[in-house]
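Undergrad: Structure in structure tokens, see below.
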Amino acid sequence: MRGNLRRPGPAGTAGPGRTGIRTSADGGRARPRTGAGTGVRAGVRSGVVGVGAGIRTGVRWKISAAIALVGALVALALSLVVHNAARVSMLDNARDLADERIQVAERMYEAGRAQSFGVKLDDPAIPRDLMMKVTQGRRATYVADGPHGVPDIWAAVPLKDGRVLSLHTRFTDRSADIMKDLDQALIIGSIAVVFGGSALGVLIGGQLSRRLRKAAAAANQVAQGERDVRVRDAIGGVVRDETDDLARAVDAMADALQQRIEAERRVTADIAHELRTPVTGLLTAAELLPPGRPTELVRDRAQAMRTLVEDVLEVARLDGASERAELQDIMLGEFVSRRVAAKDADIEVRVVHESEVTTDPRRLERVLFNLLANAARHGKPPIEVSVEGRVIRVRDHGPGFPEELLADGPRRFRTGSTDRAGHGHGLGLTIAAGQARVLGARLTFRNVRPAGAPGDVPAEGAVAVLWLPEHAPTNTGSFPMLPLSGG
């Protein structure tokens, strides 16, 4: 049997050690003692909540789970502290009561009166540890583990005639009920703390998650060319926190990148503009040369240089996001058929479904001609053009587009060919993509392979697809569109 002995001393101090002995001189009053061990352990059952794979692991749920976990740990720790403190306090009160009763019984015995409180003389059931302290001539109390975990309270005092007067009581039912009620209240309070912490975490995490989603959406708009969008304005709020700092940093980065891009665009445009005059003069001078093969070479290279300068200027204008589309209503199939026939009569045009569209004919022609030129330069005949509703497809039967172009899209001065001589400058598809953006259209590229063939099988051709918008927008990304008055 394991128990706690307490022998009241003259000053009411607790004895050292785990035995919890408290002694007192005859006639002394034992004071309540805090922190004494009772020899009883409180068992706490903890539950583990499984999180399924289907639950979204966003910021709000992570914050909610963290707050709930911390709240559960704090509630558990406080519950244990309160439970043990309450139990120790009630046991101390029971000991003090037993000590007072044994003193009264001692005085009644010495006065020759009848005993009360269930006091016994020389009770053989007195715990051995308590008996050892009593034989030292001091009064003492003792707490032992009783059946079903209910403590037994003992008090004993040595008499002048050498006998031992003892008192044995059980922890009262009322005290046990109080402990049960306390434990129940602690459990309910802990559950309330966990649920309250979870709700608070969802609220806080939801606000943070919404701001982050707004920041991500604004950043995507900036990436798509929306120069007027600011992440800081998108997330809103008046409190400056880490999200606000992140938004300001993204805005600063976007501004710095935009300034650098704008500076590079201006330099490119200025250089191309300055080259336009001497190149025009060179082309004019070449026309004055006498006929012959050298003259043809000079004229061809001068014309190529002039085309390059014009293309560079066009790319610079498209990068400046200041281009406007002059809209007209046209029959797309008829328009494509006439333009392709004027460009190359050998190219087959198939109109699957005619459709009336509102677009800029000049820019659409530029996109179409650049796609045809790319197919003729890098692909193999036959070149096929099809029109189906608002969709234009240009296909060749060459080796297909380079993987870099399929992954990253057209890039200026990158042709995908190791030998750039006679293969253009990589500006044709770049201009086509830029003009498509001005039109509010979408330009995609893919390679044609046999059905079910793996990716390492050589392509049997390349297809460029231009998807014109169903409705003519007033503002497409960073390229506004202005309709022509009078059609």
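The backbone N, Cα and C atoms fix where each Cβ goes, glycine too.
In case it helps, Swiss-Prot gives these features for our protein:
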COMPBIAS  1-11  compositional bias 'Low complexity'
DOMAIN    270-472  domain 'Histidine kinase'
MOD_RES   His273  phosphohistidine
REGION    1-41  region 'Disordered'
Undergrad: For the residue listed as 'phosphohistidine', name the DSSP secondary structure in the helix/strand/coil scheme.
TA: helix
Undergrad: Does the residue listed as 'phosphohistidine' have same-chain partners at least 6 apart in sequence with Cβ under 8 Å from its own Cβ, and which are they?
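TA: Correct list: Leu313.
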Undergrad: On the 0 to 100 scale, where does the mean pLDDT of the domain 'Histidine kinase' (270-472) fall?
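TA: The answer is 80, the mean pLDDT of the model over that range.
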